[in-house]
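Visitor: Sending over a structure as structure tokens; questions will come in a sec.
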Amino acid sequence: MKNHSIVMLRRNLKHIARNPMSVFNAVLMPIVVMLMFVYMLGDAFSVGVDYVDYATPGLLLLAVCYGLGSVSLAVNSDKTKGIINRFKVMDVPPNAVLTGHVIASVLTNLIAVGAVIGVAFLLGFNPAASFPQWLAVIGIVLLLSLATSWITVALGLVAKTPETAGLVTVPLIMLPFFSSAIVPADKMGPGIKQFAEYQPFTSIIEALRGLLNGVPAAGDVIPALAWLVGILVVGYFWASSTFTKQA
Amino acid sequence: MTGSAITASGLRKAYHDKVVLDGIDLDVPAGTIFALLGPNGAGKTTTVNVLTTLTKADAGTVRVAGYDVASDAKAVRKAIGVTGQFAAVDELLTGRENLQLMVDLSAIKDGQRIIADLLERFELTESADQQASTYSGGMRRKLDLAMTLVGSPRIIFLDEPTTGLDPRSRRTMWTIIRDLVADGVTILLTTQYLEEADHLAHRVAVLDGGKIVAEGTPDELKRRIPGTHVRFRFGTAADLATAERILDGATADENELVLRVPSDGRTKSVRGLLDRLDEYALDAEEFSVHTPDLDDVFLALTGHTTEAAKK
């Protein structure tokens, strides 16, 4: 008997290969947003530094979030079509089924993040990060991708219909706009400003920004890591327990 | 195989305060086809989910292939195959890859031969290398069942295996199911169609509101329901009363102004009824010949129609 996780992962990778549109969407949308904000509107924002340098960290996060919509749909389709029940009756462990989706999601995310970084350089992105700081950036992006993928898998399982599954990730796509991704939080109106300052994405973006500028601040990196690990743990246990409970 | 393949006693299940299974008892002898007949919402799928270890019952015991589903779920899963209510095929994979996926997930030797045999048997060889998304509903259902058969299970659960299929695909599915039982496999299937239960099953249990309201062979059940009859609808209560008086065995529904008259449905006997109405210058506004269906079974067994059972 082959390892269940590997069989499942191979299935999810085949899905990506057979349905390149989902990857294309995940890559295209963040790049469109990037061109819109940096190339078209960038000169209108005064943030104290070159706008592409300011915006890129937030756009990395956006690149991760845009890829998640297709993940919740794929998980939900497995559930509603009875494919998950089929696997359950075959005694395939929950982790094997769900990890396949998560790893495929992380790979899609990494492609999108790579593309966004590439376009950022074309637009004049000039980071000051050292090699270890780049590694830390990659580590945080990976952790972010893992954590949000697990949450998305859970949301895909909880959603009753594919239509809801398509909508559940919208907040994840909207959250970066209500963070310091596009403009600094202190330039926002009252209410939104406080929300933006304290929501998890802002600390993650600030951590990435500090690392890419070569001046990481522990005050940003530590809360960012705490948020990410917290989201990962909640997502993982939520997804696993939902998988086990549902029939 | 001899003895019981599936036994259940006192199964209960409620979601929040909605009772879905209200004390189900089942006994399916090995090597037979058992049909659970009922409308949507009767509890068919929940029963299948409980019998196949997917859902835990609130009360009651189930033994499948001699193992207890609660304490020995793994052993039960090894013995059974399940085809759910929707064709659980991976549409982005080809037919062959779907079967390969099942081989990879089971401890099976000789997977290639099994896959080739199943494709051949279900007439899917030609389309084996096309993505399942291009398959028709009937082909998907066949692939779905083929995937269930990869591990050669001796007990198979089929949840509404022909719902949504055209009549020809339905016939094909029936032939496949009969062939399986000829090989000694035990099958529990659910269906909304009396005709299907009648054609396939050795025994039928009628499920309504989470309870089994009748059980027996198809012939036993059919004896309990009104046979073929002719229905007339009249314009006035007076006409209805006259017609009831002049036609033998007629029963009137005064509210609907409908008269039901037992008949074999043959032209000769129907003409006799029409002639008789003519003699008394009665003119019915509507006329139809009615053969028993699930609605009649329900009306006869539960006193309400299947529509009412849909909550």
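Heads up, the Cβ atoms here are built off N, Cα and C, so glycines get one too.
Keep in mind that this is a model prediction, so the values were computed, not measured.
Here's the feature list from TrEMBL:
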| type | residues | note |
| --- | --- | --- |
| DOMAIN | A:21-246 | domain 'ABC transmembrane type-2' |
| TRANSMEM | A:21-42 | transmembrane segment |
| TRANSMEM | A:54-75 | transmembrane segment |
| TRANSMEM | A:96-122 | transmembrane segment |
| TRANSMEM | A:134-158 | transmembrane segment |
| TRANSMEM | A:165-185 | transmembrane segment |
| TRANSMEM | A:221-239 | transmembrane segment |
Visitor: Would you kindly list the residues that approach the transmembrane segment (A:21-42) from elsewhere in its chain, counting only those six or more residues past its ends and only Cβ-Cβ distances under 8 Å?
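Guide: Hits for the transmembrane segment (A:21-42): 51-52, 55, 59, 62-63, 66-67, 69-70, 108-109, 111-112, 115-116, 119-120, 123, 182.
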Visitor: Cβ under 8 Å, sequence separation of at least 6 from the ends of the transmembrane segment (A:221-239): give me the contacting residues as numbers and ranges.
Guide: 98, 136, 140, 143-144, 146-154, 157, 200, 203-204, 206-208, 210-211
Visitor: Could you pull out which residues elsewhere in the chain have a CB under 8 Å from any CB of the transmembrane segment (A:134-158), counting only those six or more residues past its ends?
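Guide: Residues 60-61, 64-65, 68, 71-76, 79, 98, 101-102, 105-106, 109-110, 113, 165, 168-169, 172, 204, 207-208, 211-212, 216, 221, 224-225, 228-229, 231-232, 234-236, 238-239, 242-243, 246 contact the transmembrane segment (A:134-158) from elsewhere in the chain.
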